[in-house]
């Protein structure tokens, strides 16, 4: 009775796959899936193109490239072509450089040919003809024979000029120091037309300018380092490509040995890093100034200073030691599962060997992603510059019309001017009141959302294409006779012809979660100053939950695309089948699949480590072997970090093919165990070595 009840009870995670003698891999006779999503995606793309055309029609990139004067004219463009710099009448009216960069400083601004190199007042310049001719070049218009009080009242000219230097196409006062005293033009004071002021009074109008200047200097030095070392960086990246190809080729023939070599070499590389950092830490023991803390040192533009501090090397030692400990512990606990993972790697190596074109598919994905990113960035720039100049009333004293919108052409005769005689109608920012400008924020949101959707679609297309190619390898009883002539192109054709809707469906779900995460980050940024601890806790929980949800959806989408590539079913059905298959083999999923991911990660780490060590010794000059060839750099860490990031991306590109291959073969391997039993009628299709590791075998006829 109990047996009948057990037989009638429906399995918790679906029925295992049944044997099908006609099944030989990816089904050829299939139909279109998720047609509604396909149509929706096409409509969204057409709308995306329309948004781009609309943005390119209304946008003007000059608004973010060139400064704008009080009349909304671009400095260095059109009739102001010979006047590329922006000059501010009264710098002290500006709260900070950020106000200047946002074109909202409440003082008249004019385009000038050069920044003033003299310090004088309007009153003193007016009394001397040569000085007056020079001074008039910084006026909004020629004052003619008007007296000084009228010129100042109409704000035709600045009350004073201060010796300045150009920065970001704007004139900033040339502040200096005599000991501890701030000076301007070598003087401790200046005349602003009303009274004598200390040079330090200008600091309030140039708040944070020193930090901006230092940042600009660091940026210029970094750019200069790139110009000197770019070809050596390319050589290092080429070495990373060669190493990645060598590892993939060796994995095909020596997968078992290479896996253990990778593990041992990664441990050795990290151990070497610990040893090198320890030697540096000990050698700085008696060095003067090396025992100060990083907190005491603070931020330094020259990052090489940190390498002369013992605490820096101690931090490196601790980080590397923790990494070494984690790797060794994981290897100890997973040592019995690594053998199965090795066999999966060997099987993946053979699959890649039969589909060698798959190694170059990441280049195609990279090109498509480049197009998507470029279109999004260009559209975003044009959308942000498609607004119109908005003019606001600015007044030095309290005025009922302050910050109200005004029209500069008619302002002198308006009631606003009568009510506030000392007010000015100045360019404030870019905006607009038309329906287009009112919904501009929604167009920007649409641009971001379609960027996520299209980028996810391109990634999904690559995953499904590779999955179909590698599945055709696994299920072929006679390799390569039962495989398509061009498995990668055949899989790409099936994916685009039949499953564009499924790709769009999975990408849409992921894009929705990603856009929610972006909105949460935006809200969190707006609430930075809030003191409500509960709101902060809730926001932190939401961000964490949606991060986990995104990771889970990526994992499920990946496996769903594999099932779509094999069986040609719709996205939801394929996702359910993949989920149930994985849940029926949850132990193998947690251990085997993740062990192979860990091994591939070690491969990436090894390539990055080898190339990184070479780059470190080459660019840092710690060895005399490259002394003659090494370029002279301000910051040798600039090319080193570039090489490390580039090497990881290159290794990730090549190993992502392997990762997709392993994931596809893993699902096929699980289905093989469910479909077949090793009998002559239902033989396993996995390799003999994998059968031996699992203690299974095919029975002879």
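The backbone N, Cα and C atoms fix where each Cβ goes, glycine too.
So that you can see what the record holds, here are the features copied from TrEMBL:
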type     : residues : note
TRANSMEM : 35-56    : transmembrane segment
TRANSMEM : 230-250  : transmembrane segment
TRANSMEM : 257-275  : transmembrane segment
TRANSMEM : 313-334  : transmembrane segment
TRANSMEM : 354-378  : transmembrane segment
TRANSMEM : 450-475  : transmembrane segment
TRANSMEM : 598-621  : transmembrane segment
TRANSMEM : 633-655  : transmembrane segment
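Residues of the same chain lying 6 or more positions beyond the ends of the transmembrane segment (257-275) and with a Cβ under 8 Å from any Cβ of it are 247, 250-251, 316-317, 320-321, 323-324, 327-328, 331, 338, 341-342, 345, 599, 602-603, 605-606, 609-610, 613. Within the chain, the transmembrane segment (633-655) has long-range Cβ neighbours (under 8 A, six or more residues past its boundaries) at 221-222, 224-226, 228-229, 232-233, 236-237, 240-241, 243-245, 248, 302-304, 359, 362-363, 366, 600, 603-604, 607-608, 611-612, 615-616, 619-621. Away from its own ends, the transmembrane segment (35-56) comes close to residues 375, 378-379, 382-383, 386, 436, 443, 446-447, 450, 453-454, 457, 500-502, 504-505, 508, 571 of its chain (Cβ-Cβ under 8 Å, at least six residues beyond either end).
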